[in-house]
Amino acid sequence: MPSAPTSDTRQLLFLLTLAAFASSASFRVCDPMLPQLAGQFAASTAEVALIITSFTIAYGAMQLVYGPLGERFERFRIVTRATALCAVGSLGAALAPSLEMLTACRILTGVAAAGIIPMSMATVSDLVPAEQRQATLARLFSGQILGMVFGQVLGGLCVDFGLWRLAFGVLTGLYLLIAFALWRKAHLGATTRGAAGPAGSMASLYRRALGMLHARETRGVLACFFVEAVLVFGVLAFLPLYLHERFGLALSQATLPLLLYGAGGLLFSFVAARLGRRINHWAFPVGAAGLVALANGVALYAGHPGWIFAAALLSGFGYYQLHSALLFQITQRAPEARSLALALSVSLFFVGQSVGVSAAGWLVDQGRITLVFAIAALGMPLLGVAAGRQIRPA
């Protein structure tokens, strides 16, 4: 069992949070760039959008690779090398002479960034005792949330000044600094190797991953990850459109609730750090899902957009509270194969996002956007009860 974090371990955990910050920033940095890139490369918006979709596909697919790698090799070193490779991909993007080269560099960055957050979470599970783990994971989430906001702001500012390449240059420098700092702390991560060790067969690790999908210990938590992503991200994808159509807000204003959603998650990370092990109780995911359901109900019946802005903050708090509880449980259910378990969780989460957004998009095309919010409002309490039944004390 891991001992209480020392000063060196806390420094290492801080660096992992910075790495998660940079990884999340890479995810969102291209969002504001599409119109400018379409003009510069004389391409359609759909063609330019490949720099986002290719990154996402590479990120999701590589979870099936990093999970087994994390069981064979030191997870901390995987994070270090993935961060360094992200610097290479970001530098290539900054210098890319064509859209094809930019897309290829974004794929490379997605391949590398895919290993940072799940391997960081597995490293946290290796180094932090169970009673402190959920609060530590919440701090890692704060890095992710701030990274998403930073990426969007960085991309937007650079586009406003006509300097989209500068955004990738900033990310290159950030990745290099973090990779160097992680390399200097490499000796502290020597205990973060998976149970299989270097001799473990990749085929046997994939068989173990398939077994987790059927094992009673893990299948319930994994199913909750999938349903959570379906319900939450179907709403988030179309919330700006809903505000634009219902209240006539400009799209720039209609995206503000997404920032408040992230702020709610950040608020939860601070609260979780103070609650400690008390947060690992069945009532927390039930209450968290209830907050998200309430927020969706407010979105349906609010007569003023201000109520929906406030509900977004509430929903972000509840969502990250629920997600944190599920992540903690999956690290507890598979202590001998945490990398595999976390990689499976992320993979199912990505699939759930795709299903949720696709299904919500179909409903929106049918003119039934309110049904997206209604389904989430009704489904989240059921998910909360199911998640609460999965909770086991640390």
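Yeah, the Cβs are placed from backbone N, Cα and C, and that goes for glycine too.
Automatic prediction, not curation, is the source of TrEMBL annotations.
So that you can see what the record holds, here are the features copied from TrEMBL:
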- 12-394: domain 'Major facilitator superfamily (MFS) profile' (DOMAIN)
- 44-66: transmembrane segment (TRANSMEM)
- 78-95: transmembrane segment (TRANSMEM)
- 107-128: transmembrane segment (TRANSMEM)
- 140-157: transmembrane segment (TRANSMEM)
- 163-183: transmembrane segment (TRANSMEM)
- 220-243: transmembrane segment (TRANSMEM)
- 255-275: transmembrane segment (TRANSMEM)
- 282-301: transmembrane segment (TRANSMEM)
- 307-328: transmembrane segment (TRANSMEM)
- 340-363: transmembrane segment (TRANSMEM)
- 369-388: transmembrane segment (TRANSMEM)
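Most Cβ pairs under 8 Å with the transmembrane segment (255-275) belong to 307-328, among the candidate stretches 163-183, 282-301, 307-328. Tertiary neighbourhood of the transmembrane segment (282-301): same-chain residues 231-232, 235, 239, 242, 307-308, 310-312, 314-315, 317-319, 321-322, 325-326, 370, 373-374, 376-381, 383-385, 387-391, selected by CB-CB distance under 8 Å and a gap of 6+ residues from either end. Under the criterion of 3 or more C-beta pairs below 8 Å, with sequence separation of 6 or more, the transmembrane segment (220-243) and the transmembrane segment (78-95) do not qualify as touching, having fewer than 3 such pairs.
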